[in-house]
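Student: Quick one: structure below, then a few questions.
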Amino acid sequence: MKVSLLIFLIILVGVIKSFDINSIDDSHWESDEGFEHHKCWKNLTGYYTEFALSAYNTMFPTPYGVIPVSFYEGGVVTADIKGQQMYVHYGIVAKNFTTWGQYYAYGKNQTQYVVNNSSCVAMKLQFPFPDKLPKFKKVGTTKIGQTDVDVWIVKGKQQCNVTRSCILIQKDTCTLMSANFGNKDKSNLGFSLLNYYRYENKPHYDKFQLPSQCWDVKPKDENENKEEQGLFANEEELENKEYFGDNQQAPSMRITKNNPHLNNNNNNKKYHHREHETPNPDLIKTTTKTSTKTTSFSRATNDSPKSIDFHHLF
């Protein structure tokens, strides 16, 4: 999530001895100076990695606006940059739900698929699949345990300037070790930590094969897509009006058997998630307010609500 481009002189930071994303001066993100395509990935065709992501109160773009979310996600991701395809095997735990499944994205036919509970949902890919990685700037060095790493900040687009992100790369090996995200607004602290395991600088092509349950599935229309993408939505987060503007009532998401279709016609703009299959009791966390489940998700990212930009990688 990005920043207006302000041009002024940058004094480079030498060594970050005790690493904290807040220890990196904001001015590094506010100028184009020093950003370049990392030498390790200039000819990168893709990647594969296992990952674990923990987020607390971190600002994320969603179909309902930019909201703070807290969740844990783990899994596997691989992307073929040249072939414009991505696969994610994910498991997510958040306040009101637990879910897991597989995500497939294909830039060439502009379609994405989510497989959850053996069912498949297809949606139009409403963002361009990137053909290269973003630019980086080295701002220091530190250690993970006793492993020396370089600290690189990520330069992205301007659409959603609410978080800062950096990555830690093992010296001389081009191996991703970790990534850190933090809310730009220091009065509303939020952080995410993303660790990489078994990282490889090449895609696993066998993962891009679409499963048979998706072969005859057609993309849904745009209205249904919005409700499908509301993965992290819960009442406490969506009713935070600060991130929806002064004149927009923050929507609320409930799941009920009596409201099987998305309803956005009432005065309070209450949104109801559409039921797609019989709920699996193991995937539903019940609270006094509502029983919550999700059947799919969107690869919403820290770069833009309309850009993949390799969320799991950077």
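Here the Cβ of each residue, glycine as well, is placed from N, Cα and C on the backbone.
Relevant sequence annotations retrieved from Swiss-Prot are reproduced here:
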type	residues	note
SIGNAL	1-18	signal peptide
CARBOHYD	ASN43	N-linked glycosylation site
CARBOHYD	ASN96	N-linked glycosylation site
CARBOHYD	ASN109	N-linked glycosylation site
CARBOHYD	ASN116	N-linked glycosylation site
CARBOHYD	ASN117	N-linked glycosylation site
CARBOHYD	ASN161	N-linked glycosylation site
REGION	252-314	region 'Disordered'
COMPBIAS	257-268	compositional bias 'Low complexity'
COMPBIAS	285-296	compositional bias 'Low complexity'
Student: Going by Cα-Cα distance, which of the glycosylation sites (ASN43, ASN96, ASN109) sits nearest to ASN116 (N-linked glycosylation site)?
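Tutor: Checked the glycosylation sites ASN43, ASN96, ASN109; minimum Cα distance to ASN116 (N-linked glycosylation site) goes to ASN96.
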Student: Taking the Cβ of ASN116 (N-linked glycosylation site) as the centre, how many other Cβ atoms fall within a 10 Å radius?
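Tutor: There are 22 of them.
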Student: Determine, to the nearest whole angstrom, how far the Cα atom of ASN43 (N-linked glycosylation site) is from the Cα atom of ASN96 (N-linked glycosylation site).
Tutor: 42
Student: Among the glycosylation sites listed here, ASN43, ASN109, which has the most company in the form of other Cβ atoms within 10 Å of its Cβ?
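Tutor: Per the Cβ count, the most surrounded site is ASN109.
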Student: If one measures from the C-alpha of ASN96 (N-linked glycosylation site) to the C-alpha of ASN109 (N-linked glycosylation site), what distance in angstrom results, rounded to a whole number?
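Tutor: If we compare the Cα positions of ASN96 (N-linked glycosylation site) and ASN109 (N-linked glycosylation site), the gap is 34 Å.
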Student: Out of ASN96, ASN117, which of these glycosylation sites shows the lowest number of other CB atoms within 10 Å of its CB?
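Tutor: Fewest other Cβ atoms within 10 Å, among the glycosylation sites ASN96, ASN117, is found for ASN117.
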Student: In whole Å, how far is ASN117 (N-linked glycosylation site) from ASN109 (N-linked glycosylation site) when you measure between their Cα atoms?
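Tutor: Here the two Cα atoms are 25 Å apart.
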